[in-house]
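Note sheet for the following structure.
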Amino acid sequence: MACKILVLNIGSTSFKFKYFNMDDLSVIASGKINSVFSKNAGCNFLSGDTEKSTVFDASDGYGTCLEMIIDFIDKNCADGINGVSAIGFKTVMAGGINYPCVIDDAVIEKMQEYSASAPAHNAPYIEAVNSVKKYFPNVTLVSSFETAFHNTIPDFASVYPIDKDIAKKYGIRKYGFHGAAHSYAAYKFGSEKNIVSVHLGGSSSVCAVKGGKSVDVSMGFSPQSGLPMNNRCGDIDVFAVLYLMEKENMSIDDARKFLCTRCGLYGMSGISNDLRDIEKANDTLVIDAFTYSVSKYICSYLAVLGKIDVISFSGGIGENSVIVKEKICSRLKFLGVELDSEKLKHKPAGEPYKISSDKSKVEVYITPVDEELMVAKNTYAFAERR
Ligand SMILES: Nc1ncnc2c1ncn2[C@@H]1O[C@H](COP(=O)(O)OP(=O)(O)O)[C@@H](O)[C@H]1O
Ligand SMILES: CC(=O)OP(=O)(O)O
Ligand SMILES: [Mg+2]
């Protein structure tokens, strides 16, 4: 019987799934739900010739979304949900557990322990795993942690400049995230190329890839650091946070909530956590602050890689926003980066699409990353080893 793997990808603003036949990596069904937590979430599901598109109320979060996905598979795929051999989750953070493994109680406990550092991700995954168990009591559930691809980052790049005993005791260091997206770019462009993978979505990060391996990434101990995110802060002077806590009389919980809900694009603009709204409102300060931050990370990775061959844009913002790519690349002219203004407007599906001009010294691509494929491969390899 064919091995069929269902991959669940719970993002900070989206819920995606893909259902693979691992014999030939064909996709049995796939889909995406946008703007989870809003009253007007949009879903688009596909299986063979069957398509389902609807706008629905997802203000209660990921629960309704999961039910819709399971119902779609059950009604439209051969053998319904009984055809599923294993389920892979694009899980985010469990500290030292950063390798593919069965999601057992110990893994859930670790995810729980780190929930406070990844509140937009760990809690929804724990909830999803518990719900999925009810629908699939006899199916193996496998974790493919976003941190795993970054195990190759050298110690000098992952160490934080704090007391070394305390750092060791609590595992305080850079872990890095978005491993599924960045490893897809590494897989597509090959190990000969020095790649800067720029993944911009609800959560955003930049990764330096050399020899097919991650050598640095903008996210650190938590997926809240590095670039500004949808409503999460990114890099900020920690002393500004302490000052604010004192001034506003904030508890640790208040501060955490502030940093994860009233910051990033939403906090800076006061308009929305969705870049489309910020572009519509022409809030140039926010667009400039965001793109400036991305350009600086790319340039800092020149020092890491020595030479940049490929810049790959992915994620909801990275794939779709023309102005963001234009602004980021306009600061990279000194590297010989030149975009093709026509190709830049193209919206590719499938393979990476080159948007740099023939004269450009660095190749720039839009890469519709297949995070689910990387999770399916990890899940399959893990299941085979058992
Ligand atoms: N055309 C567009 N222009 C600018 N931003 C866009 C566009 N389409 C989608 N986005 C942004 O992409 C985000 C979703 O990206 P995605 O990579 O799916 O995020 P996540 O995985 O973190 O949920 C949305 O929050 C939205 O801000
Ligand atoms: C860190 C992470 O996995 O982010 P997201 O799924 O929100 O893109
Ligand atoms: Mg994502």
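Each residue's number is its place along the chain shown, starting with 1.
Quick reminder: no glycine exception, Cβ is built from N, Cα and C everywhere.
Features of the protein shown, as given by TrEMBL:
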| type | residues | note |
| --- | --- | --- |
| BINDING | N9, E371 | Mg(2+) binding site |
| BINDING | K16, D274, L275, R276, G316, I317, G318, E319, N320 | ATP binding site |
| SITE | H178 | site 'Transition state stabilizer' |
| SITE | R232 | site 'Transition state stabilizer' |
Exercise. Here are some recorded positions: K16, H178, R232. Which one has the most Cβ atoms within 10 Å of its Cβ?
Worked result: H178
Seminar exercise, completed: Of the recorded positions H178, L275, N320, the one whose Cα sits nearest to the Cα of N9 (Mg(2+) binding site) is H178
Problem set entry | Distance, L275 (ATP binding site) to H178 (site 'Transition state stabilizer') (CA atoms, angstrom) | 19
Exercise. When you measure from each Cβ to the nearest atom of ligand 1, which of the recorded positions R232, L275, G316, N320 fall under 6 angstroms?
Worked result: L275, G316, N320
Exercise. Can you tell me how far the Cα of L275 (ATP binding site) sits from the Cα of E371 (Mg(2+) binding site), in Å?
Worked result: 22
Exercise. When you measure from the Cβ of N320 (ATP binding site), which residues in the chain that are at least 6 apart have a Cβ under 8 Å away?
Worked result: K347
For this session: For N9 (Mg(2+) binding site), list the number of other Cβ atoms lying within 10 Å of its Cβ atom.
Result: 20
Exercise. Counting all other Cβ atoms within 10 Å across every protein chain shown, which of the binding-site residues G316, G318 scores highest?
Worked result: G318
For this session: Whole number in angstrom, please: the longest C-alpha to C-alpha distance across K16, D274, L275, R276, G316, I317, G318, E319, N320 for ATP.
Result: 20
Seminar exercise, completed: Per DSSP (helix/strand/coil reduction), E371 (Mg(2+) binding site) sits in helix
Problem set entry | E371 (Mg(2+) binding site): tally of other CB atoms within 10 A of its CB | 25
Problem set entry | Between R232 (site 'Transition state stabilizer') and K16 (ATP binding site): CA-CA distance (Å) | 21
Exercise. Measuring Cα to Cα, how many angstrom lie between G318 (ATP binding site) and E371 (Mg(2+) binding site)?
Worked result: 14
Exercise. Given G316 (ATP binding site) and R232 (site 'Transition state stabilizer'), what distance in Å do their CA atoms have, once rounded to a whole number?
Worked result: 16
